[in-house]
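Everything below concerns the one structure shown next.
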Amino acid sequence: APLPETDLRPKQRRTETHSTRARPSARANRRGPRRRPRRARISGDLLAGGKAAAMARRSSSSSSGPWRYLNPAYYLKRPKRLALLFFVFVAATFAFWDRQSLVREYESEISRLDDEINRLHDQLRKAGVHLEENPISDKMSRKDIVEIDPINNERREKVKEAMLHAWNSYVKYAWGMDELQVPEIPSDFCFAYINSQPQSRNGVNSFGGLGATLVDSLDTLYIMGLKDEFQKARDWVAESLDFDKDYDASVFETTIRLHYKVYLDCSIYLLNLFVPCCHSAAKLIVMVVGGLLSAYDLSGDKIFLDKAKDITDRLLPAWETTSGIPFNRINLAHGRAHNPGWTNGDSILADSGTEQLEFIALSQRTGIPSISKRFCYCLLTFCYLNVQINFGDAENVITQLQKIYPSDGLLPIYINPHSGTASYSTITFGAMGDSFYEYLLKVWIQGNKTEHVKHYRQMWETSMEGLTSLIRKTTPSNYHYICEKNGGSLSDKMDELACFAPGMLALGASGYGSEKSEQIMNLAKELARTCYNFYQTTPTKLAGENYFFHSGQDMSVGTSWNILRPETVESLMYLWRLTGNKTYQDWGWDIFQAFEKNSRIESGYVGLRDVNTGEKDNMMQSFFLAETLKYLYLLFSPPSVISFDEWVFNTEAHPLRIVPIHDNKAHASGFQTPVVRPFGRKQGKPE
């Protein structure tokens, strides 16, 4: 009986529900919105609970993983951990700052200790105690050693070994004398006798016994890191170098410039090699004074500066002329100055214009203005100094120079020392004219390229316009060469001495505007190619003394000897440094190998009497050690070794430090030169 009631009840409820939906009762309206069925509510609750549980799981996973430490909310809810994080941050910052401070203090202390070691090392050396190794190397040098090209490193070591061979030969056979060469011979001697003599091993005092090769080689030894050899030479300078010589020192290399006179080639050659007591004060300036000042700038050893001052005082009377243009000869003991007879009383252009670098440098290092003032009386008007001097007398020279200085900037090789006027003579960038133009540019560089020395640059640029007018080209190889000028006619002849010009042009190119600079640099490259082929066109691959050019024949050797000259490798060194083109290094290596093959003998290096046959002479020129080997060494070294930014080379390849303008006060209290550390040394074996 209950079952039917139960069965009927749902139907009744569904009917009522339908009826209620159709007509909501007043009671339903009073109760508000109808609630969902229970099953739907339960299903919704379960669904909501699942979502909440999922979110809780994700939140729990996030809060329990490593990423929670990156959530700022994590720390905001945990203040202790926030404080700990702040403490760690402060501690790490302090530790980093403290580390940097320690590094700076360490570097400062190391620098101080380095200076102290260097000072003690110098004291030991002066006391005669020789250490096995250089105690400290310059930081720049260490870096450069690491970065050096292995090929250039090997080449540089070969050049260093050549220097050791030449030096050891001089030490063994001619120590303390001027040069290693044949014995002195009569002035009427000729090649027939020379050819009959064996290669001798004797020293000759062709500069009056001033130790020319030794003094000339000081900076080369130092730059190459040959410390033992440098120290031995330094001791000789301190103990034995004496300038109280009763002989006439002429004002430049007159004996190697006599081929402009009408002499037989044989006599010229002999005069170039052997005539004693006919060498110049200017030669002594660029070689001896320049060598001593360079050694002082590199090492800081005051003995070199004292010796430079001594010989300078003895040379000053040569500038006591009415025009201020110096005489070419002077007796070092008595101070009597005059000119040689073969110049008809005239002074030589290259002599008079090739002392400014050395005497400006000496004045800067001693604070004595009278030294530079005297030499301001030369052709180059007045010098730029960092000391106060009276330029009144120098202004008179400016006026005189303006009267004779030509519009093309090309001066004859002879100048009258009394009137200050140019004589009718050859114009050349070779013998007796070359270094005048070189020093116009280099004094400007030495003077920091300021307004005070701007007139030197202007004179040089004028002269370079004149040089351009002397340029001619050959056929068929299109070699560029510099003619000589005699009156209104040009001579198709070029000295190997003029091969300094490519390097000079390259060095001065940067002072022009971009277009002109490119033109000057291109001319330098073309002239360097010609000079390189001076070597390559002979059977021995060594250049003759001069060359002639003919239409359709390119070039031919004129005077055929080779005396180990440096001018071509000098220009190659400048061009490599200023262009970065390694071709110039390869060319220099070719020339070095030719010297090794043809000029090296058991007792040093000698020149060739004939580059066509390879016949040797008996002479090792001092400039082979001072210039040729030094330029070759620098050609294969990094540009930071004797940087052009800090040094300027004199015409004998002696580097002189450029004194910055802000160092003016140094002259009042004495010039302080920083000690330069050698590039590095792999000790050669003594012979």
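Each residue, glycine too, has its Cβ placed from N, Cα and C.
TrEMBL entries are annotated by machine, without manual review.
Because the structure is a prediction, the values reported are computed rather than measured.
Taken verbatim from TrEMBL:
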| type | residues | note |
| --- | --- | --- |
| COMPBIAS | 1-19 | compositional bias 'Basic and acidic residues' |
| REGION | 1-40 | region 'Disordered' |
| COMPBIAS | 28-40 | compositional bias 'Basic residues' |
| ACT_SITE | Glu253 | active site, proton donor |
| ACT_SITE | Asp434 | active site |
| DISULFID | Cys499-Cys531 | disulfide bond |
| ACT_SITE | Glu545 | active site, proton donor |
| ACT_SITE | Glu567 | active site |
| BINDING | Thr651 | Ca(2+) binding site |
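Among the recorded positions Asp434, Glu545, Glu567, Thr651, the ones whose Cα sits within 10 Å of the Cα of Cys531 (disulfide bond) are Glu567. Cys499 (disulfide bond) and the residue listed as 'Ca(2+) binding site' are 13 Å apart (CA-CA, integer value). The shortest Cα-Cα distance from Glu567 (active site) to any of the recorded positions (Asp434, Cys499, Glu545) is found for Cys499. The 10 Å shell around the Cβ of Glu567 (active site) contains 24 further Cβ atoms across the protein chains shown.
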